[in-house]
């Protein structure tokens, strides 16, 4: 589905979710 997910389990497609610097854990 193209979503990136953070270490807290929240997912989205913006840099807030997809940036490793912001804690992205999957589909980064």
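Keep in mind that glycine also has a Cβ here, set from the backbone N, Cα and C atoms.
In Swiss-Prot this protein carries:
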{"type": "DOMAIN", "residues": "1-28", "note": "domain 'Chitin-binding type-1'"}
{"type": "DISULFID", "residues": "4-18", "note": "disulfide bond"}
{"type": "DISULFID", "residues": "24-28", "note": "disulfide bond"}
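Taking Cβ-Cβ distances under 8 Å and a sequence gap of 6 or more within the same chain, the neighbours of residue 28 (disulfide bond) are 4, 18, 19, 20.
Using DSSP to sort the residues of the domain 'Chitin-binding type-1' (1-28) gives these counts of helix, strand and coil: 7 helix, 8 strand, 13 coil.
Taking Cβ-Cβ distances under 8 Å and a sequence separation of 6 or more, the neighbours of residue 24 (disulfide bond) in its chain are 4, 5, 6, 17, 18.
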